[in-house]
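Chemist: Below are the structure tokens for one structure; questions will follow.
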Amino acid sequence: METLCVQPSRQDGLMMEEEQGKSGKQDEGGMKASSLTGSTTDEETDDDSEPEPPPVIRRKVSFADAFGLNLVSVKEFDSAEAAELEVSRAAEQEALHSLEELYMCCLFTVPSSPEELEQRLQAQMVELESIELLPGTTTLRGIVRVVNLCYSKSVFARITFDRWNSCFDLPADYVPGSSDRKTDRFAFKYTLVPPFEREGTRLEFCLCYESSAGTFWANNKGLNYVMFCHQKGQIKEEVIESNMLH
């Protein structure tokens with residue numbers, strides 16, 4: 001019996017080696033691809049990660065009361081106060097308008113010279129030196145001169161609006177720096193309140209000087225100091241003459 005031996009040909013060996021080489025190259029290429037894929041995944045993972053948050057800036061808040069100020073300012077009004085405010089404003093406007101036409105009429109004369117004033121002071125120790133209606137007001141201001149008989153003294157004006165059916169005393173204040181050692185000055189003020197009567201508001205007064213040396217009066221030689229405060233054109237000459245006779 002014959003034995004057959006089959007020997008691989010050289011070409012078959014080369015083919016096998018080539019196949020092995022290709023297989024090795026494929027495996028190596030797969031590893032490289034796997035390596036590249038893994039690298040790409042890592043980069044994508046790094047890019048997809050969240051960025052770090054920005055640093056927190058702390059702010060300081062201060063309130064007004066820390067500097068001694070008020071936190072709030074509250075002002076409340078009600079309807080009644082608003083109405084009163086409107087009425088008050090209207091009254092002020094009306095008063096200012098009427099004051100433009102007010103003037104004073106005196107039914108007496110004050111001393112026209114220092115010599116005449118001195119004569120009256122020697123006779124009665126007290127005299128009205130001047131009187132005026134303060135500009136833009138209905139306030140009367142009178143200056144009284146008295147003989148300096150002693151340090152402690154009191155001066156006042158006795159006033160009536162109804163011909164002495166009723167009256168009141170208005171104190172006069174010493175005028176600082178007015179003394180000349182022989183005489184002193186005192187001043188009194190009185191505000192007349194509108195509305196005035198048709199003939200004008202009639203005011204009558206006399207002066208009293210009280211001291212430890214005695215009590216002295218000045219009354220315009222018994223006629224008293226009579227004056228009217230009224231609007232222009234409101235009083236007539238015959239009314240003035242009638243009041244002078246009474």
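Each residue, glycine too, has its Cβ placed from N, Cα and C.
Got these off TrEMBL a minute ago, pasting:
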- 1-10: compositional bias 'Polar residues' (COMPBIAS)
- 19-30: compositional bias 'Basic and acidic residues' (COMPBIAS)
- 41-51: compositional bias 'Acidic residues' (COMPBIAS)
- 118-228: domain 'CBM21' (DOMAIN)
- 1-56: region 'Disordered' (REGION)
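Mind running through what each feature is packed against?
Modeler: Taken as a whole, the domain 'CBM21' (118-228) shows an average pLDDT of 93 in this prediction.
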Chemist: Per DSSP, what is the residue tally for the domain 'CBM21' (118-228) in helix, strand and coil?
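Modeler: Secondary-structure composition of the domain 'CBM21' (118-228): 7 helix, 60 strand, 44 coil.
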